[in-house]
Amino acid sequence: MNWISNYVRPKINSLFSRREVPENLWTKCPECGTMLFHRELADNLNVCTSCDHHMAISPRDRFVRLFDGGIFTEVAVPDPLPDPLGFRDQKKYPERLKAAQKATGEKEAMLVAEGEIGRTPIVAACQDFSFMAGSMGMYVGNAIIAAATRAVELKRPLVLFSAAGGARMQEGILSLMQMPRTTVAVQMLKEARLPYVVVLTHPTTGGVTASYAMLGDVQIAEPNALICFAGPRVIEQTIRETLPEGFQRAEYLLDHGMLDRVTHRKKLREDLIIVLRMLMHLPPPVAADLPAPKPVYVEPAPVDAAATPEAAPAETPKQA
Ligand SMILES: [Zn+2]
């Protein structure tokens with residue numbers, strides 16, 4: 001019996017309940033090449049601990065860290081027509097979509113949610129660069145319209161986090177049509193006099209930069225984010241000249257008047273709360289919550305069987 005419980009059972013348990021280890025425990029920073037442990041990286045909001053490079057963060061992770069207590073409600077986005085052009089390159093478009101869905105665990109390249117940040121109610125939309133390079137297709141267009149509609153309905157500001165490689169080639173002209181569509185959605189917010197704040201993350205390029213990502217009332221960018229319409233490589237090849245250092249990066253664009261500020265990811269939530277509360281004419285944010293008052297435990301007075309009847313008549317008011 002001892003031999004079974006002490007030796008055989010643990011052996012069997014260890015064989016069957018071997019914990020699934022994630023395949024990539026280490027991530028290499030694309031800027032400085034440092035190997036970063038996955039947990040350390042996640043704790044640091046996917047910002048490199050050695051060179052401060054802001055790596056991509058999934059919309060869900062971003063929302064969990066953004067909203068108060070990590071609580072948010074997803075806003076439903078209407079589904080567009082699947083594969084309207086019957087597009088095929090090396091792979092069929094629906095196959096590419098399915099592969100991206102499997103890899104990211106998300107339905108499409110944008111997540112819309114409502115919730116509170118610093119007790120300021122907002123609607124937020126976040127683009128997912130890991131989903132087919134965050135490309136803007138019909139779904140993304142629908143998502144922005146759904147976000148703007150919801151914001152107008154609830155009279156809340158809209159915060160949008162952009163990250164995109166541009167328009168979705170597989171949807172051809174239909175993806176380009178999302179540029180005017182999303183512009184109209186932003187106009188809806190302006191007509192309702194609601195703030196629209198854009199946070200540009202690395203990289204925001206192509207048709208996204210040419211539409212909703214540049215229409216914010218306040219334009220914030222994460223440090224060193226590439227923000228452009230045509231990338232530096234394409235420009236360099238076209239004009240045959242070397243471009244200046246830091247060209248089309250967030251700090252360069254801030255210096256040249258394209259942005260309002262560049263904010264570190266760790267300070268972003270704080271900045272957003274201040275900006276949004278100012279724009280919504282709300283009182284300044286609560287800096288910190290005081291702990292809830294502790295219920296004071298009062299020792300009940302010892303009940304003296306003899307004393308109680310005596311005390312009772314003394315309390316009753318004397319009647320004249
Ligand atoms: Zn680094």
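Note that the numbers count up from 1, one per residue, in the order the chain is shown.
Each Cβ is built from the backbone N, Cα and C atoms, and glycine gets one as well.
TrEMBL labels come from automatic prediction, so no person has curated them.
Database features, via TrEMBL:
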- 25-294: domain 'CoA carboxyltransferase N-terminal' (DOMAIN)
- 29-51: zinc finger (ZN_FING)
- Cys29, Cys32, Cys48, Cys51: Zn(2+) binding site (BINDING)
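Mapped onto this structure are the features recorded in TrEMBL.
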{"residue": "Cys29", "record": "Zn(2+) binding site", "CB count, 10 Å": "18"}
{"residue": "Cys32", "record": "Zn(2+) binding site", "CB count, 10 Å": "12"}
{"residue": "Cys48", "record": "Zn(2+) binding site", "CB count, 10 Å": "20"}
{"residue": "Cys51", "record": "Zn(2+) binding site", "CB count, 10 Å": "12"}
Exercise. Mean pLDDT, the domain 'CoA carboxyltransferase N-terminal' (25-294)?
Worked result: 94
Exercise. Given the Zn(2+) site residues Cys29, Cys32, Cys48, Cys51, which other residues of that chain have a Cβ within 8 Å of the mean position of their Cβ atoms, reported in sequence order?
Worked result: Pro30, Glu31, Gly33, Thr34, Leu36, Thr49, Ser50, Asp52, His53
